[in-house]
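Q: Sharing a structure, written as structure tokens. Questions coming.
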Amino acid sequence: MELFNKYNARYLLSPKILYIAIALFYYTFHTNRSKYIKDNFNINPGVIGLYMVISQTLSLLTGIKIGSISDKYGIQKYILLFAVSVGTSVFITMLTLPKITFYLYFTLFTFYFILVSISLPLIDKITYDFLEKTENASSNNYGSQRVFNTITFLFMGFIIEAIIKQDEYGVNHYNGLPIFALFAGVVAFIAVSLLVENLDRQESSSGTLSSSLVLFKNFEYTFLITLIFFNGITRAAMTQFLSHFYDSQMKFKAKVSKGSESKLMYFILSNKLALLNTAGMVVEIPLFFMSSVIIGRIGYLWPLLLAQVFQMVRMVGYSLLGKDTPNAFYISLGLELCKGFNFGLTQMSATKLAHSLCPSYLKSTSQLVYNGVFIGLGSAVSYLLAYFALGSGNVKSYHLLFIGCAIITFLCICLMVLKYGFIDGYLTNYQKLQEKIDKLHETEEDIIIPGQSPFKDDQLYNKKETLRDIKV
């Protein structure tokens, strides 16, 4: 164990292993949730979205509560073990139960979705803790850890695509997914058992509502979460319904008979969906590895703003794309590279800002609020948007959805330029936001609920380490 600790401190092994293991669990059903419902219960994508609002909303509320419990009792390890073990069991049950009704399936899915949704943000929080207490490391190294989640997702795109078989009638078969889910669950459970530790219990007795109020009293944090909410709407709309667009409108899933094409071209044409689902990783991976350099050069706010520009290009591009568009598949690949820029730049900047713009005793709550708004609330609104946009299910209805997402992204860009550029001047002078973050942590006792002491003498967090090398 001493040998592992030595190399762990030098090469930051723990977060890398955890990201790989949790990614196996997290992404098993990630891009095929709504497609599975459509294939097995013959429900319109817009109606699926309406049901998903329930799952996403419950995920948001439950996630905030679990974050508060994790901060108060320090039981992050037990929470992750419960999420992985029970989540895996529920997933296998809902895919293997014979003659399952839609309502029973949806009940099980909602429980599974809640458990999956809390896993990755807790790993983000654990990673920041690890970096801040490890010598010769800092929070700027976050991207080079998070990239292993992206690399795992890259390979899983091809694995899941190979597991989901399509017969000669165009019917998708998901029989192999439960076996893979069991493997993923076991790997994640072992990794969490060995590499995650519980923290000391906090003496604060503040509840979930009080914790949330403390966070949202800070306008900088609230404004950031609002931007993430807009990001979440557009991200979820594309994640959940782009595969339908590829399949039903662009016919990218159609089987390819081997002809005169080279082996490389045959591979590309036979794996269009897998390539599209993972194209963004080509950009995300180098971005994450270079995150400390990028942040050191331009701070945290410029990457977040540039991410919106790339998202805008992506949305407008898809709104102009049809099955008769020449080279539609290759254009789609280019647009998915924009997705890589959007996600990579957003993840390297916004997660750190959310971590910095909150009190040190609410780190789990902050990450789960961030994740809940980004994935939960953002997805819920995107499903409502899809319900009204995808009524007819034709290509024009998808274009309407993409245009709606483009408008939301444009609004996000305008808000960022207005506040961070013209009002606060943060885009031209990052020291102003740095000073605000410093002041927040220096006067942390002023925003603590009166009569409560959230810190223990041997608490993991160190304020000076939390603020190390922040540049916005």
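Even glycines carry a Cβ here, placed using N, Cα and C.
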Q: Of the ranges 143-164, 253-274, 341-362, which one does TrEMBL flag as transmembrane segment?
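A: Among 143-164, 253-274, 341-362, the range TrEMBL annotates as transmembrane segment is 143-164.
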Q: Tell me which range among 41-66, 223-248, 301-326 TrEMBL lists as transmembrane segment.
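A: Transmembrane segment, as annotated by TrEMBL, spans 41-66.
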Q: Out of 12-29, 78-95, 368-388, 400-422, which stretch has the largest tally of CB pairs under 8 angstroms to the transmembrane segment (102-123)?
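A: Between the candidates 12-29, 78-95, 368-388, 400-422, the best contact partner of the transmembrane segment (102-123) is 78-95.
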Q: By a Cβ-Cβ criterion of under 8 Å, what residues six or more beyond either terminus of the transmembrane segment (400-422) are in contact with it?
A: 223, 226-227, 230-231, 233-234, 237-238, 241, 301, 304-305, 308-309, 311-312, 315-316, 318-319, 382, 385-386, 389-390, 428
Q: Using a Cβ cut-off under 8 Å, which residues of the same chain at least 6 positions beyond either end of the transmembrane segment (368-388) come close to it?
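A: Same-chain contacts beyond the ends: 45-50, 52-53, 56-57, 59-61, 63-64, 66-67, 70, 117-118, 120-122, 124, 212, 215, 225, 228-237, 240-241, 350-351, 354, 401, 404-405.
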Q: Need a quick answer: max count of Cβ pairs under 8 Å to the transmembrane segment (78-95), which of 12-29, 41-66, 143-164, 176-196 is it?
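A: By Cβ pairs under 8 Å, 176-196 leads among 12-29, 41-66, 143-164, 176-196.
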Q: When you scan the chain for residues with a C-beta under 8 Å from the transmembrane segment (143-164), skipping those not six or more beyond its ends, what do you find?
A: 12, 15-16, 19-20, 22-24, 27-28, 30-32, 120, 124, 127, 131, 172-174, 176-177, 180, 271, 273-274, 277-278, 281, 284-285, 287-292, 295, 344, 347-348
Q: Could you tell me what the rest of the chain brings near the transmembrane segment (41-66), counting residues at least six beyond its ends with Cβ under 8 Å?
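A: For the transmembrane segment (41-66), the list is 33-34, 79, 102, 105-106, 109-110, 113-114, 117-118, 121, 208, 212, 236, 240-241, 244, 365, 368-369, 371-373, 375-377, 379-380, 382-391, 393.
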